[in-house]
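First the structure, in the form of structure tokens, and then the observations on it.
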Amino acid sequence: MDAPGFQLALRFLVILAVASSAGAAGACSSVTFSNRVYAACSDLPRLSSSLHWSFDAAAATLSIAFVAPPPKPEGWVAWAINPTADGMIGSQALIAFHQPNGSMGVRTYNISGYGSIAEGAIDFQTSDLAAEYSGGVMRVFGKLKLPAGTTAVKQVWQVGSSVADGVPQQHATELENTQSKGTLDLIKGAVSVSEASSSRNKNVHGVLNAVSWGILLPIGAIFARYLKTFESADPTWFYLHVTCQIVGYGVGVGGWATGLSLGSKSKGIEYTTHRSIAMALFSLATLQVFALFLRPNKDHKYRLYWNIYHHLVGYTVITLGVVNVFKGLDILGVAHKWRAGYIIAVCILGGVALFLEVATWIVVLKRKSDVSTKPYGESSSNGMIVRAIKSLKEKRGSSARAIGKFIRDTYSDLPGTHAALLKLHLRRLRSQGGLRMVKKSYKISASGPESPAAGEKRKRSRPPKTAEAAALDGKRKRGRPPKVNAAATASGSGATVSTPKRRPGRPPKGGAAASPVVQKRKPGRPSKASLASAQSGETRKRGRPPKASVAAAQSGGTRKRGRPPKAATKDASSAVKRKPGRPPGSAASTPKPGETPQKRRGRPKKTQPLDQQQGVPSQNNVARGTETATPTEKRRGRPPKKKVS
């Protein structure tokens, strides 16, 4: 009983396998040919095509029948084997199309590039080439002689829409056309589609660009436009904006580089619009990044123009990025779910931006209704400018930049024209006298401007003069006032005497006509000669005063220039040239009666007591005054020894 049950189960499995194989065969098994029978068939995954073939391994002969509908009746279909690669370049093709006489025919082409092709022999020997067209479908028949030992070939198939002058024209560049290639296993009878590296690169290119240009950059723009309106997010929004833009730019550069790589590998395939938008997008985004380092301060006069440029370029980059993402999705031919997912993401970002736009406008209008303007120019303690200067407490005054920074840090609800209002009120306070300039800095004046009464509007034009200016007799003339003569002022006369204008250059020395010029005292201790000349009333001459001898100074004469001559003496021996060394004492050195003795240079001589000198009277005689002491000259050298008697 077991044997009949086993046979029944085996038969059921065989029937199930046959049914499944018939279902798998699908449309290719339903195609029949007149006088042609093929051992295997397979529905190809692209271009709604199928392949029928028979392979004789012993003779290495491959018989094929390729079936595909052309885009137009006047189009063409092709099937090829590529012995060197898995793409179109290098493939040995059989192309079927309507011949000039109207009949269908097959021609051979060796595809060596992406340009125009020319008919020629291929690397395989061909025979039995034929073509048919019926029901909008073209059929290509042929037999190829393959190299011995071949078990699998790389096949490429394609369809085109036009033929001009007997030459098939370029086919479309959609995903169906660019991915119509695979491998045919002649022994197992299986067809596999080759997933080339270019397909992965395209997917990577699409994902990187969709995330960067299509998502991150719009999010960064939302942070910058709406979050800075709220006070609590004042410094945070800037860092979020910069982070999103820099990360998005970096990811976008990666996607842009993969696109260049894909373009260099597929020279015959060009997407002009997509590539042009990508080039413009990358250039503007790079310019936007470099402009970040040239951003002026908030109170700079060029900040307004920089903001206009930054906003225009930023919104242009976002718009081009979203448009080019949709262009890329069309080129890749992705499934509908991926396109729908990106559309949903863009709609979410647009909804968030719309909600924040309404919320921020409500906040701005409410602030304007509460506080229309700030008291910039009030001279009281409530004025922002006066309060800023007092709070900064700078001895040399506060600059306009420091005042503006203090106001921005202190007050949060400032108008957008804060910098212009600050300059206006600084200039107005200065003209009113409330502020004064000290080397491009502002200080509060001791007497501020007269504030208008409550409810009284200040008149236009220049304010009236103060009480001190009104008290002056007569209208003050324009220009610098004339100098007042000191003599007229001292005499008490009311007349104003103008002194003659001082000539350029150094004034002349002395003279009654010359006006007294007060000279600035030089640093240091004054010399004795200048003090003496100041006491005597004489004007000291320029330069170093000459040296005067004692006799000339006593007689009041003027000493002549040069070295004074040697004084002549009665002794003729003094005319002899002086020997080197210390001069001996002489009578000439003895001072005359009535003359002041002059101190000799050097150490004074030592004198011996009179009682120790030979031939000198005793001290008693000297004391009585009966004898005159005449000192003897001291002998040079060591004194002689006394003899002992």
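Placement of Cβ uses the backbone N, Cα and C atoms for every residue, glycine included.
Looking at 78-97, 238-257, the range tied to transmembrane segment in TrEMBL is 238-257. Below 8 angstroms of C-beta separation, residues 209-210, 212-214, 217-218, 221, 252, 274, 277-278, 280-281, 284-285, 287-288, 291, 294-296, 339, 342, 346 of the same chain, each at least six residues beyond the ends of the transmembrane segment (306-326), sit close to that stretch. Per-class residue totals from DSSP over the domain 'H15' (372-446), listed helix then strand then coil: 35 helix, 7 strand, 33 coil. Taking Cβ pairs closer than 8 Å, the transmembrane segment (338-364) reaches residues 210, 214-215, 218-219, 222, 225-226, 229-230, 322, 325-326, 329 in its own chain, all 6 or more past its ends.
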